[in-house]
Amino acid sequence: MEDTKVAVAGVAPSDEDVLEGMLSRRFLYAQGVVGSSTYHHTFRTKTRWELVRLSLLIVGIECTYATETAFVAPILLAIGLPHTIMTMMWAMPPIVGVLFVPIVASASDRLRASWGRRRPVLLALGIAMLLGMMLLPHGRAVGEAIGLRSVAWVATLTTIGLTTTDFSAEASNGLCRTYAMEVCTIGDQARVLSTMMLIGGLGGAMGYLFGSVDWVSLPIGQYFDSNESAVFSANWLVLLVGLLSTLTSFPEIPLPVQERDALLRPVTHRMLQNELKRLRGDAHDTQTELGESIGFRQFLRNTVRMPRSMKILCATQFLSHMGYLPYCLYFTDFVASAVYGGDSQAPKNSAELARYDEGIRFACFGMALFAAGASLYSLVIERLIERLGARPVYVGGLMAHCVGMLAMGLFHHRAVVLLCCCLTGIMYATMYSIPFLLISHYHSKNSFAMVDGKCVECTEPRGFGADVSMMSSVLCLAQLIVSLVIGALIDAAGTTTVIIVAACGCSLLAACSAMTVLYMDL
């Protein structure tokens with residue numbers, strides 16, 4: 001039974017009073033129980049600095065994405081691959097992701113380690129990311145060292161590094177958000193997501209700015225084989241610091257401890273609703289107060305029998321990624337070839353190759369503005385949701401990217417490119433915050449449908465971590481389709497402008513889909 005604030009003059013306590021009472025009792029209990037004093041932080045409000053430290057892994061992940069998207073296409077083209085084959089190399093990470101990201105998330109939901117459910121998995125994925133980042137820019141050097149000098153072998157080694165890095169980053173992205181929301185109070189969950197978007201955007205901007213620097217011309221450049229090697233090394237250090245910071249920020253309450261002691265379970269919206277029902281004398285389900293840890297068979301069943309609201313949300317996220325990925329993966333090549341008129345396979349020291357390299361650096365600067373725009377927008381998105389509601393903010397964010405891509409496709413001008421990058425930042429902040437807030441909202445109410453304006457309670461268990469991982473899975477599926485199709489479209493059209501046209505069309509469809517998402521008064 002919960003100790004809540006006593007009603008004054010017969011007036012029932014508010015939801016906030018009840019929540020404060022639940023958190024206060026658990027905080028004091030965790031401080032007093034031997035062996036659980038390290039868990040009391042779960043039941044208090046975090047400072048902004050604590051949220052930043054908790055989110056630093058996202059900085060490393062976003063920096064990694066930035067370096068990947070800026071340099072993988074030029075690296076593969078420089079090996080000697082045509083556009084069609086180069087884009088297909090991007091298909092390997094999503095194939096692995098679609099198959100294994102849900103399995104990783106489901107296993108994390110059930111992990112009974114003393115270090116918690118999320119952090120051991122994040123550590124393993126972080127090490128894999130670091131190893132992949134070491135291999136990616138050095139595929140040719142590694143191939144020569146082991147006697148595999150052909151274009152096919154160099155491309156294979158580079159793709160192994162790309163697949164390892166990209167898969168680990170995608171799996172870590174969702175798990176890091178899950179971990180952060182689980183160690184935060186209900187009131188801090190929106191704050192930590194907005195913090196992740198803010199500093200994640202700064203991480204992306206940092207990665208792109210690394211790419212905009214001509215490292216070879218600097219004194220430090222003598223220690224690196226190439227400009228790409230210097231950029232990846234700087235990224236490697238950022239990722240390492242972010243990984244260590246997040247993993248040492250707050251201990252998780254292990255699953256066996258939560259099963260043994262009800263007062264050491266994080267307070268969820270569902271538990272709050274049960275307590276409110278108890279105070280009103282209504283029947284409540286105490287069995288649902290422990291977060292669901294579903295098995296793999298149940299996960300597959302949940303995927304096949306997904307509620308309509310989750311299907312629409314996944315479809316919207318899929319279309320959002322279909323609109324974002326053509327820009328993200330091939331933007332540097334588009335700017336270098338279409339805007340600057342360069343050629344990645346031109347002879348060394350030629351004017352065409354020099355223009356291509358200059359275009360790559362300019363594109364990196366543009367994508368740094370994109371990341372900075374995402375960070376700045378994340379500062380106000382929470383207030384916009386409170387004032388306008390989630391629906392117009394979600395739809396408006398997706399339409400911003402659509403308008404930006406349309407303008408960039410029509411006008412190949414540098415100023416237009418920079419402006420459109422900022423608009424894409426708005427879309428990026430939107431699709432990496434609102435869908436996760438909605439999933440948290442669904443699970444907190446244990447409801448995925450509404451009838452006559454009232455939430456319908458879900459009777460089938462669904463893992464929170466597994467549902468969050470579905471957002472990563474649809475990203476992998478979108479990346480797979482883009483990788484297999486875009487190269488052929490570029491070759492057929494004879495211009496990289498087709499990249500921008502595809503991004504515009506998919507973003508428009510995503511905005512239409514977002515109109516039908518279930519928001520539950522969010």
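Note that Cβ sites are derived from N, Cα and C of the backbone, with glycine treated the same way.
Note that TrEMBL annotation is computational and uncurated.
According to TrEMBL:
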- 54-79: transmembrane segment (TRANSMEM)
- 85-108: transmembrane segment (TRANSMEM)
- 120-139: transmembrane segment (TRANSMEM)
- 151-169: transmembrane segment (TRANSMEM)
- 190-210: transmembrane segment (TRANSMEM)
- 230-250: transmembrane segment (TRANSMEM)
- 318-340: transmembrane segment (TRANSMEM)
- 360-381: transmembrane segment (TRANSMEM)
- 416-439: transmembrane segment (TRANSMEM)
- 470-490: transmembrane segment (TRANSMEM)
- 496-520: transmembrane segment (TRANSMEM)
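Relative to the transmembrane segment (151-169), the listed stretch 85-108 leads the set 85-108, 190-210, 230-250, 360-381, 416-439 in CB pairs under 8 A.
Between the transmembrane segment (416-439) and the transmembrane segment (318-340), three or more CB pairs separated by 6 or more residues in sequence fall under 8 Å, so the two stretches touch.
The stretch from 54-79, 190-210, 230-250, 360-381, 470-490 with the most CB pairs below 8 A to the transmembrane segment (85-108) is 470-490. By the Cβ criterion (distance under 8 Å, sequence gap of 6 or more), the transmembrane segment (360-381) is counted as touching the transmembrane segment (318-340), at least 3 such pairs being found. Only residues 6 or more beyond the boundaries of the transmembrane segment (230-250), in the same chain, are considered here, and those with a CB under 8 A from a CB of the stretch are 41-42, 50, 53-61, 63-64, 66-67, 70-71, 119, 122-123, 126, 129-130, 133-134, 136-137, 176, 179, 183, 203, 206-207, 210-211, 213, 215-216, 220-221, 224.
Between the transmembrane segment (54-79) and the stretches 120-139, 190-210, 318-340, 470-490, Cβ pairs under 8 Å are most numerous for 190-210.
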